């Protein structure tokens with residue numbers, strides 16, 4: 001068997017990321033399977049696709065912040081007590097989401113948000129509110145699954161997480177096929193994708209839940225020891241989580257905002273419904289070649305030397321920051337190549353839309369230009385994911401909050417300005433999303449530079465203090481550990497670069 005010594009340090013990264021990348025792609029395939037379940041209903045298929053797309057994108061706004069609790073499990077959960085606190089936070093948040101879904105479905109608030117703001121007709125609005133009610137419990141189920149997935153990732157069980165997500169998609173596809181042959185197609189076709197979505201999430205939650213109890217629960221202590229800073233408090237978890245939640249909320253609310261402006265730009269006409277349907281169909285297809293890059297966020301925390309579950313150092317295989325940077329660049333190059341192969345080569349994207357989602361050729365033609373714009377998304381997504389992972393390791397996520405604000409500002413500005421330049425429909429929506437991504441990644445880069453310079457200043461000042469008092473043993477050694485860790489991080493990074501040169 002051939003061995004490649006130069007790749008030795010990259011195999012752990014590949015083994016960790018590949019299941020997560022497959023997970024991300026599998027989620028997109030699941031969305032396409034759900035869209036096919038709607039498209040297979042020949043009567044009012046476009047209207048149904050638009051209604052489900054509006055409801056699903058609004059629901060994702062609530063699911064997004066809670067699913068990002070995966071990163072809390074990845075960084076903070078070191079004991080059973082930590083896990084209990086994380087689950088409690090998710091139960092409370094899920095209950096709030098259920099209440100809000102119910103209010104949207106049954107009160108004038110829902111009529112204003114869906115019918116009035118989106119300028120959709122009464123039929124589409126009614127179907128959207130009904131779908132939103134059916135999706136009320138999904139955010140809680142999804143968040144519970146992702147919380148346990150984060151704990152599994154902390155212990156390098158990314159393969160188990162990947163298997164759970166693939167099983168989720170398989171369950172969705174199977175149930176779409178089963179329900180299409182049931183009486184639901186005639187009675188309530190909207191339930192076909194929604195019930196399939198629930199069954200897939202239930203399968204995923206069952207697998208990660210059983211996996212947690214099988215491989216982790218008995219191997220972690222009741223409470224965290226002082227070597228990891230003691231038990232994480234709910235306040236610390238929420239302080240770490242809220243900037244990530246805000247970012248993901250703005251990412252998820254971007255789709256409803258795009259749907260809103262695109263629909264209003266076309267005055268709620270038949271063309272508006274068609275444009276929203278095109279966006280619903282192109283989101284999962286366009287996201288598939290680059291969406292997995294988001295999982296690069298988990299690489300830094302998982303391979304952090306301070307992670308108590310990290311056994312790579314003991315096994316002799318050390319993954320340094322330089323290895324992670326090179327691996328990230330390779331992933332970016334691979335994603336860009338995939339995007340241009342799929343979206344710019346003749347007939348490939350149309351075949352995906354026709355054969356997998358089940359739309360007709362005329363509808364697929366409308367999706368070509370929006371899909372080609374997706375080819376440029378990998379660059380800002382990679383920059384954002386790589387730097388966010390580094391900041392998560394330092395537990396300095398608070399500096400990321402402004403990036404979400406800038407993303408929304410750039411997104412809305414583009415949605416307002418581009419129509420005056422002759423850009424309309426789904427092309428307007430995807431082009432504005434790209435502008436928002438670029439604005440967000442720029443702000444994340446600025447935040448990372450700010451933190452890095454601050455760390456450098458700390459390193460320089462503490463080196464001076466160490467020289468002055470190197471013969472003394474400070475009484476507050478434990479208390480100053482967090483600060484010294486940051487300095488060691490920077491010092492080791494410099495040493496790694498010198499060693500490899």
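Backbone N, Cα and C define each Cβ position, glycine as well.
Copied over from Swiss-Prot, here are the features:
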TOPO_DOM  1-85  topological domain 'Cytoplasmic'
TRANSMEM  86-106  transmembrane segment
TOPO_DOM  107-131  topological domain 'Extracellular'
TRANSMEM  132-152  transmembrane segment
TOPO_DOM  153-158  topological domain 'Cytoplasmic'
TRANSMEM  159-179  transmembrane segment
TOPO_DOM  180-189  topological domain 'Extracellular'
TRANSMEM  190-210  transmembrane segment
TOPO_DOM  211-327  topological domain 'Cytoplasmic'
TRANSMEM  328-348  transmembrane segment
TOPO_DOM  349-362  topological domain 'Extracellular'
TRANSMEM  363-383  transmembrane segment
TOPO_DOM  384-403  topological domain 'Cytoplasmic'
TRANSMEM  404-426  transmembrane segment
TRANSMEM  430-452  transmembrane segment
TOPO_DOM  453-501  topological domain 'Cytoplasmic'
REGION    457-501  region 'Disordered'
COMPBIAS  462-471  compositional bias 'Acidic residues'
COMPBIAS  478-490  compositional bias 'Basic and acidic residues'
COMPBIAS  491-501  compositional bias 'Acidic residues'
Top stretch by Cβ pairs under 8 Å to the transmembrane segment (159-179) (candidates 86-106, 132-152, 190-210, 328-348, 430-452) is 190-210
Under 8 Å Cβ-Cβ from the transmembrane segment (132-152), and at least six residues away from its ends along the same chain, one finds 55-56, 58-59, 62-63, 66-74, 77, 83, 86-87, 90-91, 93-95, 97-98, 101-102, 104-106, 110, 114, 158, 160-161, 164, 190-191, 194, 197-198, 201-202, 204-205, 208-209, 211-212, 215-216
Under 8 Å Cβ-Cβ from the topological domain 'Cytoplasmic' (384-403), and at least six residues away from its ends along the same chain, one finds 71, 74-75, 239-244, 246-247, 293-301, 304, 324-325, 328, 437, 440-441, 443-445, 447-448, 450-451, 455, 486, 489
Near the transmembrane segment (328-348) in space but 6 or more residues beyond its ends, with Cβ under 8 Å, are 17, 286, 288-290, 292-293, 296, 299, 371-372, 374-379, 382, 385-386
- prompt: Can at least 3 Cβ pairs under 8 A be found between the transmembrane segment (363-383) and the transmembrane segment (86-106), with each pair 6 or more apart in sequence?
  reply: no
Per the Cβ under 8 Å criterion, with at least 6 residues separating them from its ends, the topological domain 'Cytoplasmic' (153-158) contacts 15-20, 70, 73-75, 77, 211, 215-216, 298, 301-302, 307, 309
